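Colleague: Below you'll find the structure I mean.
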Amino acid sequence: MFLPLLRLFQCFLLFGFCSSSSISYENLNIAIVSGYGKMPRNVQIELQRSLIWFKNAISVRKFEKSITSTELLNVYPKFSWINIQTAEKAQDLHVNSLEFAKLLEMSNFVILINRDIQKCQIDSELLANAKPLTPEGLNRPKFAIMNVCQNFQFSNFFDLFRHEILHALGFGLFIPFEDSIPNRYYNWWTPKGTQNVSQIFMDFSKRAKRVVSSHFNCSTIFGVEADGFKKNHLNEYIFGNELMTPNLESGQNYFSEISAAILEETYFGEKPWYKVNRKYTIEESQKYWYGKNFGCNFIKFSCWKFLETAGNKLTFPFCSINNERYCLITPTYKIRLSLKNCQQTFNHQTQITENGLKAFPGATFSNSIHRFCPIDKNFINIPKNHRIELC
Ligand SMILES: [Zn+2]
């Protein structure tokens, strides 16, 4: 019997319907169970909001049998009193109670809260991480573990939980049976010389590759660039404020058609494990603006090549005088984009990017996350509900 393989993980979704075949799908009803009690009220509210979002946005393959308390105790044996959060409510219940059994029965995916203090201490910027437990045979997972660090100062827990729960479903964490797209090696061009760098590509991304081609307006891409050899995330430099990049912005992170396609392709066997309700996600996908129409020079070569050949198009958040014709528009203010936030002072001498690029001596632009490119440093703090348009 084939057993799906899980990657090592490291990281900083009311529309039920039936297919025409015998396989049926239902709304994703997640139960979060915790032996550690509730999280702070504002965080717990965002967790519940994310569960409501998943219930609306994602459908899952139906299991013949519902999840039982006995199954749960096999994988989460330490606790007798448990806080259980669903899209509807949160309750403290005994694991042997009838009410607990009923709530589990109504759920089709269970996430077990864990506290990995050591992992949180090693990486002080880590907010949470999650992974599915290895599923049986070719079935979808039904249990996952989520570690939430006691670091509750972050301002966007809704997107954090969406991000982690997508990992819990398997995003970026399964290894396909068939061969992956080979790495690409190419010359990264800058005005001060070139360096040989690598491109590593996401698995389960045949359809996502077409979406990326269309978004960036480049028909000759090799694949969907990943954030390093573990292939857990979309590449931060290429995909910016997409929800499944490794660094979440405090403003909006978009669940675009790129991640939706990867999630739907992540499965073993004959039929997909997950289906995304486009009626629910299309608006967010359309709002995802980072990299739109940036072209092949950006996605295949370098930010410098892109900026040199951009003509008069918008290059934000990468810095060019073209951006000064555009305005950032929020519900409360409108501000013209400028170059004043582009020059930065970092000591790059020891930094190396995820694709193997080293900073040239004297470089004064962004850090390794954005490949030392000239990028507006306020980009990560852009508020929610914004748009960028000609002034
Ligand atoms: Zn992650």
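Placed from the backbone N, Cα and C atoms, the Cβ positions cover glycine too.
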Colleague: For the Zn(2+) site that TrEMBL gives with HIS163, HIS167, which of HIS215, HIS233 also belongs there?
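Modeller: So the Zn(2+) site in TrEMBL includes HIS163, HIS167 plus, from the candidates HIS215, HIS233, HIS233.
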Colleague: Taking the Cβ of GLU164 (active site) as centre, how many other Cβ atoms lie within 10 Å?
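Modeller: Result for GLU164 (active site): 25 neighbouring Cβ atoms inside 10 Å.
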Colleague: Mind giving me a neighbour count for HIS233 (Zn(2+) binding site)? Other Cβ atoms within 10 Å of its Cβ, every protein chain shown.
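Modeller: So the number of other Cβ atoms within 10 Å of HIS233 (Zn(2+) binding site) is 26.
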Colleague: Starting from the Cβ of HIS163 (Zn(2+) binding site), draw a 10 Å sphere and report how many other Cβ atoms land inside it.
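Modeller: Summing over all protein chains shown, HIS163 (Zn(2+) binding site) has 28 other Cβ atoms within 10 Å.
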